[in-house]
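Worksheet: the structure to be examined is printed underneath.
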Amino acid sequence: MSSSDSPQLHNIFVYGSFQEPDIIHVMLNRIPEIVSATLPGFKRFRLKGRLYPCIIPSENGEVHGKVLMGLTNDELENVDWVEGNEYERVFVEVVRKDNSEKMRVETYPWINKNDPDIGGEWDFEEWKRLHMKTFIEAFTEIMERKRNPQGKGRDDFSNVLKEEDPANAPSS
């Protein structure tokens, strides 16, 4: 097979829940090589009422995250499906933390930079402690239904991953 016949592979910078290998395994059915990296020129934010963050351009910002190395076109299609239409896949340059090399990768910034739901900083460790279990359970169910389309879809996944507003929670 010549190099022109080989499948195109993608390197994807992730900065939220997809930094967690267990979630990547659910989405891709494998854990690819993962390297730590920093994305300059962006800032990561919480999204009001949601269990996942967004990034938007910010001149002096930087986002710490991971690069998923060598994703196939089919795997990239899964990531696109999960990210939905509120994110846009774009090429960016990140700096690897292990060797300071720059890499051209793809990532998913939030499309609506003026979204009123954009809030304060999003913290990965806090998310793992408070929301990871719920996220993995919902994500596993949605990915299983995507592979065997007999029911819920991506919108159901988004609804499950919205945080409960304590003011609207039923009293016990």
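Glycine is treated like the rest: Cβ placed from N, Cα and C.
A C-beta separation below 8 Å, combined with a sequence spacing of at least six in one chain, links Glu83 (active site, proton acceptor) to Arg89, Tyr108. Per Swiss-Prot, the feature active site, proton acceptor maps to Glu83.
Within its own chain, Phe18 (substrate binding site) has Ile24, Met27, Lys66, Leu68, Val79 as residues 6 or more apart in sequence whose C-beta sits under 8 angstroms from its own. Look at Swiss-Prot and you will find Tyr15, Gly16, Ser17, Phe18, Gln19, Glu20 tagged as substrate binding site.
Among the features that Swiss-Prot reports, compositional bias 'Basic and acidic residues' is placed at 146-165.
Taken from Swiss-Prot, the feature region 'Disordered' covers 146-172.
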Count of other CB atoms lying within 10 Å of the CB belonging to Gln19 (substrate binding site):
18
Cβ distance under 8 Å to Tyr15 (substrate binding site), same chain, sequence separation 6 or more: which residues?
Leu39, Arg44, Pro53, Ile55, Val63, His64, Gly65, Lys66, Thr107
Which are the residues of the chain, Tyr15, Gly16, Ser17, Phe18, Gln19, Glu20 excluded, whose CB is within 8 A of where the CB atoms of the substrate site average out, their centroid?
Val14, Ile23, Tyr52, Gly65, Lys66, Phe124
